[in-house]
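The active site, pros-phosphohistidine intermediate feature in TrEMBL is assigned to His123. What TrEMBL lists as ATP binding site is Lys13, Phe61, Arg89, Thr95, Arg106, Asn120. The domain 'Nucleoside diphosphate kinase-like' annotation in TrEMBL covers 5-140.
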Amino acid sequence: MSTQIEETLVLVKPDGVARNLSGEILRRIEAKGYSLVDVKLVEPERSLLVQHYAEHEGKPFFEPLVEFMESGAILALRIAGERVIEGFRALAGTTDPTTAAPGTIRGDLGRDWGGKVQQNLVHGSDSPESAARELALWFD
Ligand code: RTP
Ligand code: MG
């Protein structure tokens, strides 16, 4: 099988940064064997968040989601590795932290805060197209 080194965008969302989980999340990424290419702590403009989550515009959770993402600092990571796009999504676990599998970031560390949006600690690009688009938004 040929190797398939990819890059993806990971965001430690405001709940992860506020709960001091950035190091724990980065530890899991590095322990898996992915490497860190670029990193920055940001408080993005609303326009960047709206572009980032453009696929969800019009959904009931869109506005609460953007407000949540504006509520504090975000750690943006550009990471690289073999099939890292799919692999990081597996490491993160499914969207709802209550039912995300134990062993995943969301399953082990996520909480259901009973709000209008899932505060699920991390974002990971969901396809090669999303990764290219999102890395350009956050890092270029
Ligand atoms: P992400 O894009 O952040 O990596 O998460 P995801 O692919 O697992 O989930 P997605 O469907 O893309 O939703 C984006 C983010 O919106 C919030 N959400 N809340 N209340 C709800 O039902 C709901 N649905 C989605 C979550 O923060 C989710 O990660
Ligand atoms: Mg998504």
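Cβ coordinates come from backbone N, Cα and C, glycine included.
Known features from TrEMBL, placed on the structure.
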residue	record	Cβ contacts under 8 Å, 6 or more apart
Lys13	ATP binding site	Phe68, Met69, Ile74, Gln119, Asn120, Leu121, Val122, His123
Phe61	ATP binding site	Lys116, Val117, Gln118
Arg89	ATP binding site	Gly124, Asp126
Thr95	ATP binding site	Arg106, Gln118, Asn120
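Highest Cβ count within 10 Å among the recorded positions Arg106, His123: Arg106. Ligand 1 lies within reach of none of the binding-site residues Lys13, Arg89, Arg106, judged by a C-beta closer than 6 angstroms to any of its atoms. Note on the domain 'Nucleoside diphosphate kinase-like' (5-140): mean pLDDT across this stretch is 96.
Taking the Cβ of Asn120 (ATP binding site) as centre and 10 Å as the limit, one finds 23 other Cβ atoms among all the protein chains shown.
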